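Visitor: This is the feature table in TrEMBL:
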type     : residues : note
DOMAIN   : 41-331   : domain 'Major facilitator superfamily (MFS) profile'
TRANSMEM : 43-67    : transmembrane segment
TRANSMEM : 79-101   : transmembrane segment
TRANSMEM : 113-130  : transmembrane segment
TRANSMEM : 171-193  : transmembrane segment
TRANSMEM : 214-236  : transmembrane segment
Amino acid sequence: MAAGDEVAAAPPLLETAYHEGCPGCAINRSKALNPGVPYLRFFHIWIIILVSCLPISSLFPFLYFMIRDLHITKRVEDIGFYAGFVGASYMLGRALTSAAWGMVADRIGRKPVIIFAIFSAFVFNTLFGLSTHYWMAITTRFLIGSLNGLLGPIRAYAIEVCRPEHQAIGLSLVSTSWAIGLIVGPAIGGYLAQPAEKYPNIFPANSLFGRFPYFLPCLCISVFCFVILISCIWLPETLHKHATERKGDCETESLSTHLVDSEEFEQRVSSPTNKSLFKNWPLMSSIVLFCIVSFDDMAYTEIFSLWSESDKEFGGLNFSSEDVGQILAIT
């Protein structure tokens, strides 16, 4: 359906035979029989995106103090330099592997990639909280990012589990859930880091959380990951897993596998498949714009945290991790 077309004016869908045993066809059948908004599936997607965002945003309120306590720097002024590598290692891992995870999801299915991403976040986020050396912190953060190929497949999944008239709602879930994660994550990291100092009556200095002062926020997020991981048992697959039919020079799926508009199908078959992705200028300009906005967002989050937690003699504000968590949650 072309952009700007009214939903009510959409041409009738072709409801044809389905392939038995194909999860994608089962989802299409469900969409045909239930024209309403799939609220339960949308909520499940929303929670999955939220749990994938928390390991990113929870780090910054306590990153300065973590680098200080790892004793990697010889001078206090160098804490920001080493903290930058820990903060960037997650995003470096995602940048290197996101496209590959998208291709894997197109081949084996959305559900296995989503489950593996949550499982890897559960394992390595826990290990990050137990880090006793600088390189352990960098390695675990890099593995969380490189093994978390969730964001691309979950966007495709949000479109595939609903009818065309509800796809805008499905995609908006990604943005809203990510925004909530950027509120909740800093609050978790700010309030729960260094619990033996903030809540000595609950967490004694000789306890596990006294030995590992940044384990509690990571543990809480990992427990949340584990709960969502269990819930993914009931996550339906949306990828079509049956033979394709060859028509002309393009390999396309049979009409019986999708509820598609016949005109859209003909356009898809006749469209060239050898056009370079990098020559799609609207797409490339959107990617560049998104990179600029992301650069500004992440630079603010990390630089503000490091500056505000620095000592006043170095031009900082001498804030605590709790103060920074509150400010980042509000902003």
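Cβ atoms are placed via backbone N, Cα and C, with glycine included.
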Visitor: Can at least 3 Cβ pairs under 8 A be found between the transmembrane segment (171-193) and the transmembrane segment (214-236), with each pair 6 or more apart in sequence?
Guide: yes
Visitor: So what's the average pLDDT for the domain 'Major facilitator superfamily (MFS) profile' (41-331)?
Guide: 86
